[in-house]
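Per TrEMBL, these features apply:
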TRANSMEM  16-40  transmembrane segment
TRANSMEM  145-167  transmembrane segment
TRANSMEM  232-252  transmembrane segment
TRANSMEM  272-294  transmembrane segment
TRANSMEM  315-337  transmembrane segment
TRANSMEM  343-364  transmembrane segment
TRANSMEM  376-395  transmembrane segment
TRANSMEM  407-431  transmembrane segment
Amino acid sequence: MACSENCLPVRRWLTFATGLVECLCFAGAVFGWASLVFVLKSEGYFSSLCVNTTGVNGTQALDCRGQDEQFSLVFTIASFMNNFLTLPNGFLFDRFGTTVFVLLKVGNLFGAHRSTVITLYNGAFDSSSALFLVIKLLHEAGVSLYASFLFLSTCSVIHLLRTFFLLPRKFIPYPLPEHYTYGINCGKSNTLRLEQATENDSTQRSIEETPLDMNSPVKQEKSFRECLLSRFFVWHLLWLSVMQLRHYLFIGTLNPMLQRLSAGEPSLVSKYINAFAITQLCGVLCAPWNGLIMDRHKGKPRATGESEYEADLRASVLSLFLTALQCVLFSVCATIPSLPLQYLTFILQVLNRSFLYGGNAAFISIAFPSCHFGKLYGLAMALSAVFSVLQYPCFTLVKDVLDGDPFYVNIGLTLLSLVAFIHPLSVYLHCRKRASQWSKSKAVTASS
């Protein structure tokens, strides 16, 4: 039986809401690592690596740097796999559609608010790191880790139900065709066939990327290889990698950093870890700001001769620049060894991370053909994951060479973060060049 048109808005909002819950409760839990480490330490994990030492004044102290190194290694592997597995998922998405890979493309259902929805989902992904805070509080109340993780595993059935009842079998086209329907109860009578909608998506994108000229041929889609070797993708990958490394090292070393700044006071460490986890919840509130920045031109008249593709690209420059600026400010605050200042560091960190991942997905969806979105997004996350493995040698350098003081490593990472400004500058120069070419072409046409 075919869906009536009245049910379509409800179905779209249910798709959006359930996807938000999925991201918020499951997707990025690994980034709440600092809260989980506190629980694992209380459970005695790797405690055999802690050794008694004698200070210069003869006092006995417990040196747990070996334990911290093992926890850092676990987080390095977990964060690497979390990103690297996006690569095969991306290829599966481009081949089989939403049946096997459901997020990010939901933004196509909301037209002019597409980037806002994409960034909101990524913000929910960031906020899901607060899940381990809940597990930490439950553990302090007497609930075992085993029971908590068993419950989470059981809840995974929600993902399967959403996939079958609230998503199309394959792709969500953009722009969305009129009377487009989807879901398990939607028939073919009043709808556009899914295969036809997908073909229309590719054709429409080609038309959008070409100025309207009836005498000129339609521009062909770029191949995957051309996208991969393009200047946009290379600088975007660097933009993502350097900032992600900064965030991963901060999260992975937060526990020992707080122990160092608090002189090992457990209650103080727990207080700051809870504060960090609570600020992570704000990621879902911060991320849409980035989407609004990228969608701010929607519904407004474009410059003469400017295609929607070029307008979207131009609107992304401010987002890319602000994200790089936030990272530098966050890194500077993290470098200063002041415990109260870390509250500001936590705020800047969650703001920047929500802009980073939301902007990453939104830019790839804007700058490249939608038929390559899954592969390019997966490849960007996978290659940035390889770069993020550098966090472990950085931690080893701090532990073995710098006597546990990360000050100089933090300075180096702050300087490295400045490289991220190359990407927005590159996009800005490209947009200015295209505008200049159009102006010259218009002047030549007028004179002739």
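Glycine too: its Cβ is placed from the backbone N, Cα and C atoms.
At the 8 Å Cβ cutoff, the transmembrane segment (272-294) and the transmembrane segment (16-40) share at least 3 close pairs (sequence separation 6 or more) and count as touching. Contact counts against the transmembrane segment (376-395), taken as Cβ pairs under 8 Å, peak for 232-252 among the stretches 232-252, 343-364, 407-431. When Cβ-Cβ distances below 8 Å are used as the criterion, the transmembrane segment (343-364) is approached by residues 31, 104, 115, 118-123, 125-126, 236, 240, 243-244, 247, 250, 275-276, 279-280, 282-284, 286-287, 289-291, 294, 316, 319-320, 322-323, 326-327, 329-330, 333-334, 373, 376-377, 380-381 of the same chain, each at least six residues removed from its ends.
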